[in-house]
Amino acid sequence: MTMTPREIVAELDKFIIGQNDAKRAVAIALRNRWRRMQLGEELRREIFPKNILMIGPTGVGKTEIARRLSDLAGAPFLKIEATKFTEVGYVGRDVESIIRDLVDVAVKMTREKAIRQVKSLAEEAAEERVLDALIPPARGGFQGEPTAEEKPTEKKESATRQLFRKKLRNGELDDKEIEVEVSAHPSFEIMGPPGMEEMVSQLQGIMSSMSSRRSKSRRLKVKDALRILGEEEAAKLVDEDQIKSTALASVEQNGIVFIDEIDKIVKREGAVGADVSREGVQRDLLPLVEGSTVFTKYGMVKTDHILFIASGAFHIAKPSDLVPELQGRFPIRVELKALTADDFVRILTEPKASLTEQYTELLKTENFGLSFTKDGIKRLAEIAYQVNDRSENIGARRLHTIMERLLEEVSFEATDKQGESITIDADYVNKQLKKLAEDEDLSRYIL
């Protein structure tokens, strides 16, 4: 992560409106990862990440920050839902599978990077194999030195190969069918019970390694053959052991885990009875966040320096209802604010690929023009805010519901009205939505 905190915040600003405190917190945490790696090894071991707890109502940008962060991190990043895990000993996924999944992400990232580095060599090798299929080598004659008459034939054959190579690179042979030898991959899936993903993965690995030595003849178009053979050649050129060791080191030093909906595993005050998806999961999470060693199929992983970012709405439970040890492991608390009508106006217009832009571009594919006036957007934002205020506040997600309702008729009829256009102004918004927005019973179910 070579981006500065200011650059990270600026990048997040392109997609997320407001919530500057949360953006600054994650920007500092990401930059601290880079700062730590510049230190000597002895001091580096002593500096642990400061985990972050993001608190805020639903639909204000917590999950969106995680999504955009994964693009910026350039490090192994995993987003998981806390509700998907159960206490060790019960049927379901245990929390250690978080680290196993993170390692899988890191291995995939490292392999893709290694393949990019050998891409040109792999493409050359694939090209030679395709040329061999297009121009089979001349049949062998008598043993010994070639005669004077045969030597020009060799030159001619070489010239033919050059001609085909040129045609191949120009894409003139893309649709021609050839027969090539490719690796035979197993065509079956192993299904396993919940919580047994690791064993299933190992079984599939064994089956794949057994069948990867075999090859089979396939008839393919040249462009498909180049792609498949290129992947095969790249796989031969990369060092799998090096990929695994690099991935493990990357997880240990730079891994980031985003735990969403952590408030849903908090045991509420006054609740009685065992709940395997709540306090037990918190206690299982504790060793991971504190620092422990997890066994994965690629080797042992120490979690001491993995950064954990948790988020939750906490509208029923409070952060103080988390088990005390876990509270202490999330020293940075960030509160995200509820969105206002002005925020909704900005969400509809400012972010990259905003909602209004998405609908405009979608209908443009039907040769139908769609545009929004300022007063139309303002009225949309007001209705979204009013409905949130009167019923359940679901934040910016309300805009998706309202936009779908507003443009339902336009989207349906756009195909029959190619070449036409429509402008969404305040009057059009009122005509389509006012009655629904004012009727509390209707808005509760429809908007």
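Glycine residues also receive a Cβ, built from the backbone N, Cα and C atoms like all the rest.
ATP is bound by Ile17, Gly59, Val60, Gly61, Lys62, Thr63, Glu64, Glu325, Arg397 in Swiss-Prot, and the record lists one more residue there from Asp132, Asp239, Asp241, Asp260, which is Asp260. With all protein chains in the displayed structure included, the most crowded Cβ environment within 10 Å among the binding-site residues Glu64, Glu325 is that of Glu64. Figure note: comparing Cβ neighbours within 10 Å for the binding-site residues Ile17, Val60, the maximum is reached by Val60. For Lys62 (ATP binding site), the same-chain residues 6+ apart in sequence whose C-beta sits under 8 angstroms from its C-beta are Ala22, Met54, Gly56, Asp260, Ser311, Leu336. Under the three-state DSSP scheme, Val60 (ATP binding site) falls in the coil class.
Across the residues annotated as binding ATP (Ile17, Gly59, Val60, Gly61, Lys62, Thr63, Glu64, Asp260, Glu325, Arg397), the widest Cα-Cα separation comes to 34 Å.
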